[in-house]
Amino acid sequence: MAEKTDVASIAVLGSINMDLVTTTDRRPVPGETVLGTGFAMVPGGKGSNQAIAARRAGGAVQFLGAVGDDVFADELRRVLTDSGVGVERLRTVDGPSGVAAIVVDGGGENSIIVVGGANARMTELTDADLAAIAGADILLCQLEIPLDTVAAAARHARANGTTVVLNPSPTQDLPAELWANIDVAVVNSGEAEQLGSALDPVAHLVVTRGADGATYRGPDGKELSQPSPRVDVIDTTGAGDTFTGALAAAWHRGPEYALNWAGTAGALATTKLGASSSIPTADEIRTALPAN
Ligand code: RIB
């Protein structure tokens, strides 16, 4: 295993999508057409967003994922490299990249439909992927790539002393073996409700609660509650990803510091439109950080 330093090395295994974002005052009900107020194409995907967030928040990050061979691929790759995320483990496969159709309403709330594309082709981990996971301090995963791949990565991480952080989103039933290999789970309050007692075996549980901040429950029964800084919300897309990536980057400083750091990063991410376009840098987080 690589020597541990003050900068966390993080392997992010997950999705990368082109987000097709429409803004509208009010989301349509079924069968209704409404006029939109804007449109933007912004690189996203929970994996890519979390990788960029972890990097901008101070981590050394490798991204493990797949883009297609379509018009979106170059831009998706570029946003990672421009942010300083390592892309040696990002492959190009035949067919379309992942896309997400996103509607953001006047209150900044979103609805998202993801079509997996190349993300669904992340069915195997190469020897180089496994080495990247074993050599990292943290493996960070979500659930927008095949579940078997996430389970295999978590198993390998556990066997090599790499801390496993899972953001189990989009929520689905997970095998007990995967839960047993998770050190830290990061969920929003709706996901916490859906997952219920499935989260019990996880040593460190972090629940994001929107404007109400975040809570933490540790293995020793320790509990923390972190309020969220007040901000003017433009778009909540990617705020949970920003929180999760920033949490991973600061995890080695302890849950209290990490929650404060991640909560500030997540709040800042809601003040701009889009996912990757709204992720703050470490300097921006530091400036907005409430005192611990
Ligand atoms: O969490 C936000 C992300 O979910 C978007 O960027 C979209 O691509 C989907 O993966």
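Residue numbering: from 1, along the chain as shown.
Even glycines carry a Cβ here, placed using N, Cα and C.
Among the features that TrEMBL reports, domain 'Carbohydrate kinase PfkB' is placed at 9-281.
Other Cβ atoms within 10 Å of the Cβ of SER48 (substrate binding site) number 33 in total over all chains. Under the heading substrate binding site, TrEMBL lists ASN17, MET18, ASP19, GLY45, LYS46, GLY47, SER48, ASN49, GLU144, ASP241.
In the three-state DSSP reading, ALA211 (ATP binding site) counts as helix. The Cβ of ALA211 (ATP binding site) lies under 8 Å from the Cβ of SER228, ARG230, VAL233, each on the same chain and at least six residues away in sequence. Per TrEMBL, the feature ATP binding site maps to ASN188, THR208, ARG209, GLY210, ALA211, ASP212, GLY213, GLY240, ASP241.
THR237 (K(+) binding site) falls outside any helix or strand according to DSSP and counts as coil. Around THR237 (K(+) binding site), the same-chain residues six or more apart in sequence whose CB sits under 8 Å from its CB are ASP19, VAL21, GLY44, ILE102, VAL104, ASN110, ILE112, LEU273, GLY274, ALA275, SER278, listed in sequence order. Taken from TrEMBL, the feature K(+) binding site covers ASP235, THR237, ALA269, LYS272, GLY274, SER278.
Per TrEMBL, the feature active site, proton acceptor maps to ASP241. In sequence order, LYS46, ASN49, GLN50, ALA53, ASN167, ALA269, ALA275, ILE279 constitute the residues six or more apart from ASP241 (ATP binding site) in its chain with CB-CB distances below 8 Å.
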- Message: Can you give me the average pLDDT across the domain 'Carbohydrate kinase PfkB' (9-281), rounded to a whole number?
- Response: 96
- From binding-site residues ASN17, SER48, GLU144, ASP235, LYS272, the one whose Cα lies nearest ARG209 (ATP binding site): ASP235
- Item | CB contacts for LYS46 (substrate binding site) [other CB atoms within 10 A, all chains] | 30
- Note on the structure: For ligand 1, the binding-site residues of ARG209, GLY213, ASP235, LYS272 whose CB is under 6 Å from one of its atoms are none
